[in-house]
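*Asks:* What follows is a single structure, and I will ask about it in a moment.
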């Protein structure tokens, strides 16, 4: 057990990632956070489990049993505390005040809040990945623009202002001390909520006082005749970035990207814009009529697709991949489309979205949202007493929109992580999650936006462009605002296309829930002035 924890000094968290403008959306790591307070804290009296702070496990055991908390036969304990103490001793159970399952953005920001609020905290972070927590947006954006082949090792990049950043929120020196410990490359395969026990895939049991599930999602897989995982991959982690970068860095390759959503489109455009001079060719394939079709109105989806084609990408709309097979003659892959066409490629990236990872609880039933997926939580982000959920895997009720949602964007992961961490560690009444997260994307120089709320293309939309034209064929899509309305004519979502820094105004418009009697009321709801 860990004893005599070093006290942390009080700090004030900055407004990381609360900026509404894309020009501030990656301000980097705030130098004034709780992690800085624990860097340099010496490793404690007893190291984690097998005598080391960082534990690696690449292979799962052959059997992964569910949790069995039956007590060995002996003198029965008199109290629950006696029972737990006896059980912990007999089964060699390590105990932490806070256990965080998942090593992403939500987990990082939850830990930051816990360290701020609880000076007596002992925290265990469990991640299936090797890396300590890192930012995901640069994986499809800034990392590709570094022009430095050593980026796969340094993970350094420049933000919008030219400031140097690192993909990792904090370096490894912030982890592995008396206060915060980290288990890498291991999975939680079960939770026993009543006993507050976590079971790892090596059979190790860990007891918690409070636990956060922030497991994110798993990439959707597609089955092909070829099973060559060196040439067919999904794209979700920093390791995926490293592998794909190695494919394209020397040039002269052909890459095929499956998917026309955020991931597929951002990855396609990032590689294309930064490696065209190295003769990298890209085909993007998806079944919809245009990119981001679940977000953009049809006309804008088609326009964005045309812009991507103009940038040099070979885009296949309304198309599915029928199969991918190995070509034994030249070592490449042969792609067959559902329209009968075939072509050869060097690498296939499956970017078909994610499935929320709800596989960490087996012996206890947690409610899963049957429509959106993810664990159902209350307004305070609790799934059960002392068990919280944040990030992509949380299904929560959005009071502003009046619907239950599950959101897969960075700002939401940050905000729910902070809220869950705060509620887990506060001495005050836990607060409800009412924040309206925003998201952004930049595909080509002519396709970039920020958005907030429910921006489903299935909703009614009303578009206001800075330079409107009566001739649709001559319309300039440089700067505009798109409003999404529900059946009651309430604005429930706003997308600001090329019009940055307007998210606070957009949030206010959504929160008012005002019925729009005349759509022309929205003509001047959000201005086109520059706010960077």
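Glycine residues also receive a Cβ, built from the backbone N, Cα and C atoms like all the rest.
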*Asks:* Name the residue, out of 288, 380, 466, that Swiss-Prot lists for the same NAD(+) 1 site as 260, 261, 262, 263, 353, 408, 409, 440, please.
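*Replies:* Among 288, 380, 466, only 288 appears alongside 260, 261, 262, 263, 353, 408, 409, 440 as NAD(+) 1-binding in Swiss-Prot.
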*Asks:* Measuring Cα to Cα across 260, 261, 262, 263, 288, 353, 408, 409, 440, which the record gives as the NAD(+) 1 binders, how far apart are the two most distant ones in Å?
*Replies:* 21
*Asks:* Which number gives the other C-beta atoms within 10 angstroms of the C-beta of residue 409 (FAD binding site), all protein chains shown included?
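*Replies:* Here the count is 21.
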*Asks:* So among 260, 262, 408, 450, all listed as binding-site residues, which is physically nearest to residue 102 (FAD binding site)? Use the C-alpha atoms.
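*Replies:* That would be 408, nearest by Cα distance.
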*Asks:* Considering only the binding-site residues 160, 260, 408, which residue has the minimal Cα-Cα separation from residue 129 (FAD binding site)?
*Replies:* 408
*Asks:* I'd like the number of other C-beta atoms within 10 A of the C-beta of residue 262 (NAD(+) 1 binding site), please.
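*Replies:* Cβ-Cβ neighbours of residue 262 (NAD(+) 1 binding site) within 10 Å number 20.
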*Asks:* Counting every protein chain present, what is the number of Cβ atoms, excluding its own, within 10 Å of the Cβ of residue 102 (FAD binding site)?
*Replies:* 30
